[in-house]
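Under the heading domain 'RING-type', TrEMBL lists 23-77. According to TrEMBL, the domain 'B box-type' annotation covers 115-157. Residues or ranges marked as coiled coil in TrEMBL: 179-268. Under the heading domain 'COS', TrEMBL lists 265-323.
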Amino acid sequence: MDFQAGILQDGSPMENLEKQLICPICLEMFSKPVVILPCQHNLCRKCANDIFQAANPYWQSRGSVISGGRFRCPSCRHEVLLDRHGVYGLQRNLLVENIIDIYKQECSSRPLKKGEHPMCKEHEDERINIYCVTCEVPTCSMCKVFGAHKDCEVAPLQTIFQGQKTELNNCISMLMAGNDRIQTIISQLEDSCRSTEENSEAAKRELCARFDTVAELLEEKKSELLQRITREQSDKIGFVQGLICQYKEQLEKSSQLVETAIQAMEETGGATFLMSAKQLIKTIVEASKGGRLEKIEHGYENMDTFSVSLDHLAEAVRTLDFDPAEEDEEYFDGEEEEVEE
């Protein structure tokens, strides 16, 4: 974690430091113990355990037979592999824990500076301290008493602030859960590609083994049937790979929206946050209601339809096919007429 870069940005050093100490899962300051992932990003141990349990629902408790698992870092999507100890096998970041202790001690003795709270544009000496429910904007007390919001319904700023921040936090959780589901589907589609390739190769080997037991007359037919299997394999894999690209595009868009929402959650000022939170929440909700992408049917990767049996007479080899056509029957009828003549 690059603390120095954050401190040199605009704003007070303590404010920039606080942004560096926010957990990307709970959006609160890291709670002890803090664990460091292999990608060098940090998480609260409880948050890390929550996403680990969500990604590994069948992982056994520590008191019984256990095995390793995996999950993805919420910051960079790097895959984290864990041993049989699970999250408890991750290394604690004692440096971050010490910095949090120092920061809390400093904040407890730091007085509130003038100008940290947004001021009303209409009444320059008045702080924005209430929320107009009717107009859905933060405002000041003077606007409610004498100004444009005197006939509107208002509510405490902190109440609306906490409510919408909780709602946005729920939206982020919903997006992250959706991203995990998409990643699972992508993995399944990739497995389907591998299975299709393996089953296709198995069908080819079986077909070759059966053709090798017959005469050279079957070589031409063997080549024809192999080409048909290859075409079917190419069609299926091409279709599944197209689905993978669609899911990856949707995952990338959703991840970008998560990053935007997390950046919004780092805003500590209630009024400033509320100025953009509603539209952001609306965008996330609309994104979550987006159209469903197509999926493949169960058994799509099977190639069983290309299995043939060679337990028949050699005279039938000339008409051997996966699905004999009417032209073959006409061919045999023509042969019989020539024999009679």
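Glycine is treated like the rest: Cβ placed from N, Cα and C.
Annotations in TrEMBL come from automatic prediction, not curation.
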Positions whose Cβ lies under 8 angstroms from the domain 'B box-type' (115-157), at least six residues beyond its ends: 269-272, 274-275, 278
Reported mean pLDDT - the domain 'RING-type' (23-77): 75
